[in-house]
Amino acid sequence: MFSFDNCSRAVWLRDSKQVWVEGEVLGSGSAGRLRCRTSEGEVREVEADHVALKNPRAEQTMADLTSLTQLDEPNVLFNLQSRFLELCIYTWTGPILLAVNPWHTIEGLYSRASMASFIRDRQRRLSPHVYSVAHRAYESLSSTQRSQSILVSGESGSGKTETTKHLLQYLAASSSHSSSPPPGEHELSLQHMSMEQQVLLTNPILEAFGNAKTVRNDNSSRFGKLLILQFQEEVEQASDARRMRMCGAKIETYLLEKSRVVRQGGGESNYHIFEALRDSLLARSPASSSRLPPLPPEIQLGLGVQDFRILGSSSSAHPVVSPPCRLLEVYEALASIGVSDQQWLDLTRVLLALLHLGNCDFMADTSSSSTSDVDTARLRSSSDVEVAARLLGCEEEELVKGLLERRVKTVEESVTICNSREKAETARDSLMKALYGLLFHWIVSRVNDSLATPTGRELRSCSSGSSSGSSSGRRDGSRSVSIGVLDIFGFELLERNGFEQLCINYANEKLQLQFNEFVFKEEQEEYRREGIPWELVSYKDNQPCIDLIEGRAGGLLALLDEECRVPRGSDDGFVSKARGMQQEHLKAPKREREAFAILHYAGEVCYSSRGFVDTNRDLVSQDLLALLGSSRCSLLSHMMQVDKRAGRSSMPGRRREARQETIASEFKQQLTCLTASLVETDRHYVRCLNSNALKLPHKFDKPLVAHQLRCNGVVEAVRVVRAGFTGRYGRKEFESAFASLAGRRRGGEASTNEAISDVLR
C-alpha cells in the first residue's frame, strides 16, 4: 500500500493505455483514492494500489533487475525500456537473461571483436549478453562434466531464432578457440570442415525448409528444434591444457506446420524454400541459376507456370527486398553436407511438383452417372496434374485416380467410392502435406548424418527414450557430455486458432511449467532443505491448464483421440464434448458453437474446432502412398524406404497401420520425453520479449512488453532470485575466485576443501 509519507515523490500511476505513466501524489482524494498528477500535468484520482514508488534516476538502467530498489512491474518495465532506448537489449534477472527484440541490427553487438572479448575477458562476461549465457553453459559443462541445456523461449516475433543462432556461434567459437568461424564455409567439403562449422551450417538449411514469414515475424520457425551439441574433453599437445571440444551433434524436430504448405493466412508466406525457388528458377534469375546444376527437360517442364496458388500473396509483383534465403545458398549448404547434384535435382522436382499439385482444382462432375446424393468431383484442368505426375515420376492416370477416388474396406470386400469436390481437395492437401513432411525429415536426417560423432554412432536422443545428456561413444572410450539448445515455437494467438495452435500453446504451457519449477519450486525447496529462513513467494501455477489439455481421462487431447477412433467421428462431436467439460480454464463461447476457449498462462485463446479431427488423424490414401513408393524419382522412392524403416510420422497412413497413433498422442509423447530429458541437465534460460507487434525498430510498446512480463512471471522470478542467493559456485570455481583471500593456493581435492574453509573463516 502506498504511504502518504511519500507524497511529492516520483511515482508510477497505472494507466489504461500506457500501462504505467510517471506522476506524483498531491494528497488524498475521495473514497480512499489518491489525488495524483501525471508528468503531462493531468490531475486524476487513483486507487492506492494503482500507485507505485519510482526508483531513483541512478537505477533506471540497471543491468540486473535484482538490483532495483523498488521491485515491481512498473519499475521493471521502465528499466527495460530505458535500456532498450540506449540499445542495451539484454538485461539480467539473476541467472536468467531477458532479451528484447530490437527489430534492427545493432552495430558491433555480435562482431568478431565482441565475441573475442567475451571468450577472453572474465569481466566482460558479467555483462548481460547472449554470449554470457553461452559461456556459462560451456564453463559449467567443463567444470562439472554435467550436461547443460539452454532454453530459449518467448512469443512469436520475440527473436528466439536469432538468439539461438548467436548461442550456437559462441559455443562453436568457444569449442574451437576462435572468435568466428572462418569465411567461405559453404565452399568447403564436409571432410575439410570442423564440427563447429558443420553445426553452424545447419541454420541456413533448416531455415529454408522450416521457416516462413508470418504476420508477426518475417523469419518464423514453424517447427520446434532441440540441437544437442556433444562435447568431449581434449588435451592440447602443445600446452597440455584440457578443454571441451565439440565432437558431434544431433537435431530433434517437433511438430512441423505442414498445413502451411497448402494454405497461409493473409500477409503470410509459404516456406522460404518455395520463395527462393520462385525468385531464382521461376524468375529465370541468371545470377543464381547459372551456378546451379543444369535442369533436365522434365524438370524445366515445371517452370512454365508463374502463378502458383500455394505461394499466395507472396507471389505478387512486389518481391521482398531482402529475401530470407536464396536458392544458390541453400544448394551450396546442402552440397557441403554431402547432398549430390542428382539429389538436389530430385529435391527440386518434388518442390515443383508440390507447386503444381497446389494448382490442381476440382469441380462437380455434372456428367457423372452416379446416383449418390453427393456430387462427384473431376479436375477443372489436367495441365497441372500432368506436370506434377511427370515430376513425381508416376503415371498421370494413377495420380488422378488417387485424387478422385478412395477405397473403403468392409468386412467382406474393398469398395471404390468417388470423391466429392471437398474430399478430392482433402486428398490433394493430405498428399502435399505428407510429401513435404517426407522431404523435411529427409533434410533433417541428412543434416544429422553430417553431424554424427566420429565413430559414426548416432547420439542417443529423446526419440529413442534417453536424455539429451546421455553419453556417447568416442575412439578413446571416454565419456562425453552435451549442451542442448532448445528453440521451440512461441505462444500463438491468431485471428483463427486451430489444432496446430493448440499444440504449440500446449508445448509452451509445458515449458512454462518447467520454468516455474526451476525458478520457484526448486529454488524455494533448496532453501527449505538447507534450513534457510524463507517466506514463500506466490506464483501462477499452470498445472491445471496442462491437466485440462493432456489429462488421460477427460483431457482435451484424449477426447480428440477418442473422436478420431469412432467410425463417424467429427469436429462437431469433439467440440460438443469439449464444451461440456466442467473446468475453470475452459470456456464455451456462446456466439461460436464450433469453438472453445482456454485460459492459458499467456492469456485466453479461442480455438475453432474446424479440421481438428482430420488434422489429428493425418491420413493419406493408401493408393497415393503406394504410388509414391513406386516413383521413378530415385530420391522420392528412397525417402519412402528410409521413412518406412525409421517408422517416422511423415507418412501418416503407414504410421496409423503400425501404431495407431495420432498427431496429438505422438506430440504429447515427444513433449513428455523432452521435458524429462531437460530435467536431467543444468538449465540456463533466455526469455525473449517482442518490443512491438509492428516489427518497427526503436519502438518499445509498453502494453505488449508488460503483458509478456506478466505471462512469463518475470517480476515474481526477480523477487525469488533477489530474496535468495544469486551467487552459485562449484568448489573449484570458488577456490579459483577467492583462494587468494586465504593467502595461499593449493592443488588436489583435499586442498580445495581446505582453501574454501580458510576463505570462509
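Glycine too: its Cβ is placed from the backbone N, Cα and C atoms.
Among the features that TrEMBL reports, domain 'Myosin motor' is placed at 60-761.
According to TrEMBL, the ATP binding site annotation covers Gly154, Glu155, Ser156, Gly157, Ser158, Gly159, Lys160, Thr161. A sphere of 10 angstroms centred on the C-beta of Gly157 (ATP binding site) encloses 25 other C-beta atoms.
Residues or ranges marked as region 'Disordered' by TrEMBL: 454-478.
If you look up TrEMBL, you'll see 461-472 marked as compositional bias 'Low complexity'.
Under the heading region 'Actin-binding', TrEMBL lists 671-693. Cβ atoms under 8 Å from those of the region 'Actin-binding' (671-693) belong to residues 80, 84, 93, 95-103, 130, 133, 136-137, 140, 144, 146-160, 163, 167, 216, 226, 252, 254, 462-463, 465-469, 482, 484, 486, 490, 506-507, 510-511, 514-515, 518, 699-701, 704-705, 708-709, 712, 714 of the same chain, restricted to positions at least 6 beyond its ends.
Annotation for Ser158 (ATP binding site): same-chain Cβ neighbours under 8 Å, separated by at least 6 residues, are Ala99, Asn101, Gly490, Cys688, Leu689, Asn690, Gln708. In sequence order, Glu207, Asn211, Asn219, Ser220, Ser221, Asp487 constitute the residues six or more apart from Thr161 (ATP binding site) in its chain with CB-CB distances below 8 Å.
In this model, the domain 'Myosin motor' (60-761) carries an average pLDDT of 84.
For the recorded ATP site, residues Gly154, Glu155, Ser156, Gly157, Ser158, Gly159, Lys160, Thr161 set the reference point as the centre of their Cβ atoms, and the other residues of that chain within 8 Å of it by Cβ are Asn101, Asn217, Ser220, Gly490, Cys688, Asn690. Annotation for Glu155 (ATP binding site): spatial neighbours Arg216, Gly490, Phe491, Glu492, Ala602, Asn690, Gln708, criterion Cβ-Cβ under 8 Å with sequence separation of six or more.
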